[in-house]
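Participant: Sharing a structure below in structure tokens format, with a few things to ask.
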Amino acid sequence: MSLRFLTAGESHGPAITAILEGMPAGLSLDTEEIQKDLDKRRGGSGRGGRGLIETDTVEILSGVLSNLTIGSPITLQIKNLDFANWQNKKLAEIKNPRPGHADYVGFLKYGFSDIRNVLERASARETAARVAVGAVCRKLLAVFGMAIASHTIAIGKEKLFRRNYTFAEVAKVSKTDPDTRCIDAPTSAKMKAAILVALKTKNTLGGVVEILAVNIPPGLGSYVHYDRKLDGLFAQSLMSIPSVKAVEIGTGISLAHEPGSLVHDELFLHENKISRRTNNAGGLEGGVTNGEQLILRVFHKPISTLGNPLRTVNVETKKASPALIERSDICVVPRAGIISESMTAFVLASAFLEKFGADSLIDIKESYAQYLGRIKK
């Protein structure tokens, strides 16, 4: 891939940092644009106490001069304000792994004596860095008219049954309903009620987020190489988000139960342009974008830190014990959309730069214009 990024930092360390390599020179960029996405990550119903402490203020430490990218790696840093509350504390070692968390497998993998060494990095706090990276990628895509939005379609058993909302409607949801980011008000009210019940019963809830991307040109990705197929890259990137257990492209899950005659999107000529009557494929065919709206759905399990903990085994005493209770969210779904948008933006931006060049924004614009001219003939 033309772009790559690394994140570093622990949940209660001094800062979370990301280094993004491969962004072309000449892209206008400032912290305000990145901050807007980070602020979305902090909001929503079901948030834990950490959200009251952190402001997630981003700093650009390299790769940008006079609000323009210069082609070198971009370093983004978000300080952990909670670090001040932890740095002088003597922390008790953690021995009771949480079922469903990385606690126990990390303990085994690295030979730790303290599970805290696992949870500090496995924490979803790391996703703040991903959102910052995604905001930069989103800015590049916007130069070429591409846009990404998301909305909540399920929290627990409460589901949004209508699926034909427009991109414009979805793009507004973070303002019209910042609590659940669900478009339908009655469904949103049920979702908030479900989160409240989970809070009172010391439980957690998962759910589903839908991501839409528009004005994506056909031809990004590859049907030639397995590791460049965009459906595979989207799945990997989205599945890497903490608590994600499944990803759907288009109407992929239901398509498995239908005959081919009802599945594939027929082509027809409309105003001298070849178009599709439907979009069951979700904008991807053969691992390549086809010019239709990109549709991705991301399924989140309930997070594994419960106020009424499940049973586990103490790794030191080998005795049955209640699992670790840490300060955590009740439901991550309202904030998960912006994280999925960010990973989607990264994959799209990388594929776009792979096809049209990666050094200078001026050259990329020329290459893109030439390509659009060719495929319109």
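Note that Cβ sites are derived from N, Cα and C of the backbone, with glycine treated the same way.
Feature annotation from TrEMBL assigns NADP(+) binding site to Arg41, Arg47. Under the heading FMN binding site, TrEMBL lists Arg121, Ala122, Ser123, Gly286, Lys301, Pro302, Ile303, Ser304, Thr305, Arg327.
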Participant: Report, in whole Å, the straight Cα-to-Cα distance of Arg41 (NADP(+) binding site) from Ser123 (FMN binding site).
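Facilitator: Arg41 (NADP(+) binding site) has its Cα 15 Å from the Cα of Ser123 (FMN binding site).
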Participant: Let me check the 10 A CB neighbour count of Arg47 (NADP(+) binding site). How many other CB atoms are there?
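Facilitator: Taking all protein chains shown, Arg47 (NADP(+) binding site) has 19 Cβ neighbours within 10 Å.
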Participant: Taking the residues the record says bind FMN (Arg121, Ala122, Ser123, Gly286, Lys301, Pro302, Ile303, Ser304, Thr305, Arg327), how far apart in Å are the two Cα atoms that sit farthest from each other?
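Facilitator: Spelled out: the longest distance between any two Cα atoms in Arg121, Ala122, Ser123, Gly286, Lys301, Pro302, Ile303, Ser304, Thr305, Arg327 is 43 Å.
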Participant: Through the lens of DSSP with three states only, how would you label Arg121 (FMN binding site)?
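Facilitator: For Arg121 (FMN binding site) - judged by DSSP and reduced to three states - the answer is helix.
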Participant: Count the Cβ atoms, other than its own, that fall within 10 Å of the Cβ of Thr305 (FMN binding site), considering every protein chain shown.
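Facilitator: Its Cβ has 21 other Cβ atoms within 10 Å.
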Participant: Can you grab the distance from Arg121 (FMN binding site) over to Arg41 (NADP(+) binding site)? Cα atoms, rounded to a whole Å.
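Facilitator: Distance between the two Cα atoms comes out at 18 Å.
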Participant: Using all protein chains shown, find which of the binding-site residues Arg41, Lys301 scores highest when you count other CB atoms within 10 A of its CB.
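Facilitator: Its Cβ has the most other Cβ atoms within 10 Å: Arg41.
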